Amino acid sequence: MQILPLFFISCLLLSSSSSSHAAVQDFCVGDLTAPQGPAGYSCKNPSTVTVNDFVYSALGIAGNTSNLIKAAVTPAFAAQFPGVNGLGISSARIDLAPGGVVPFHTHPGGSEILIVLQGTITAGFVSSANTVYFKTLKVADIMVFPQGLLHFQVNAGNTVATAFVSFSSSSPGLQLLDYALFGNNLPTELIAATTFLDSAQIKKLKAVLGGTG
């Protein structure tokens with residue numbers, strides 16, 4: 001007697017689950033003049049959308065690596081490339097000068113896949129079980145970094161290295177571990193207590209990365 005009601009409820013749940021992931025319109029080009037919410041930007045009026053909303057050329061330009069980490073990341077997220085808004089995809093370019101590094105960081109909103117275009121890059125990530133997976137990649141090698149896990153990229157050669165990365169989100173987010181620890185006003189004594197680092201070293205890193213406290 002209960003089979004039919006249970007079947008009916010199951011169908012409703014499956015229908016609800018499927019419809020929550022189904023697109024109800026062809027695209028949702030981001031309206032960058034409006035605030036970004038949890039689901040992304042609101043949609044531009046379709047009558048104002050042009051082909052240029054679906055084309056982005058900045059990844060063809062090498063980033064400026066004249067900085068502390070000798071690296072540059074040029075994003076093509078929804079904030080720069082409104083055509084990907086709501087599509088669950090985005091991209092970026094990584095340029096690494098000799099000695100360059102993209103320090104440990106996470107993307108809370110999406111997984112990442114990297115393909116090396118030039119040079120050699122040592123890349124890796126740390127699992128939630130603290131297992132480290134890293135490898136030196138050559139041209140055309142691909143590596144994936146699961147969502148939310150700490151990962152890094154280092155130029156492993158003596159020449160410029162370049163890679164393109166893609167994400168499973170139009171706004172994957174970015175948090176650099178070093179800046180999260182030393183680039184803010186969290187008091188030195190709290191950082192020392194939670195990281196077991198020496199206070200003098202913490203203050204030195206704060207001075208380099210712009211932190212206070």
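Glycine residues also receive a Cβ, built from the backbone N, Cα and C atoms like all the rest.
Here is what TrEMBL records for this protein:
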- 1-22: signal peptide (SIGNAL)
- C28-C43: disulfide bond (DISULFID)
- 57-203: domain 'Cupin type-1' (DOMAIN)
- H105, H107, E112, H151: Mn(2+) binding site (BINDING)
- H107, E112: oxalate binding site (BINDING)
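Cβ neighbour density within 10 Å is lowest for H105 among the binding-site residues H105, H107, H151.
In this structure, of the disulfide-bonded residues C28, C43, the smallest number of CB atoms within 10 A of the CB marks C43. Here the Cα atom of C43 (disulfide bond) is found 32 Å from that of H151 (Mn(2+) binding site). Spatially close to E112 (Mn(2+) binding site) yet at least six residues away along the chain are V144, F145, H151, V165, S166, F167, S168, P172, judged by Cβ distances under 8 angstroms. A gap of 23 Å separates the Cα atoms of H107 (Mn(2+) binding site) and C28 (disulfide bond). Taking DSSP states H, G and I as helix and E and B as strand, the domain 'Cupin type-1' (57-203) has 25 helix, 56 strand, 66 coil. Those residues of the chain, other than H105, H107, E112, H151, with a C-beta within 8 angstroms of the mean position of the Mn(2+) site C-beta atoms are T106, F125, F145, L149, L150, P172, L174.
In this structure the C-alpha atoms belonging to C28 (disulfide bond) and H105 (Mn(2+) binding site) are separated by 29 Å.
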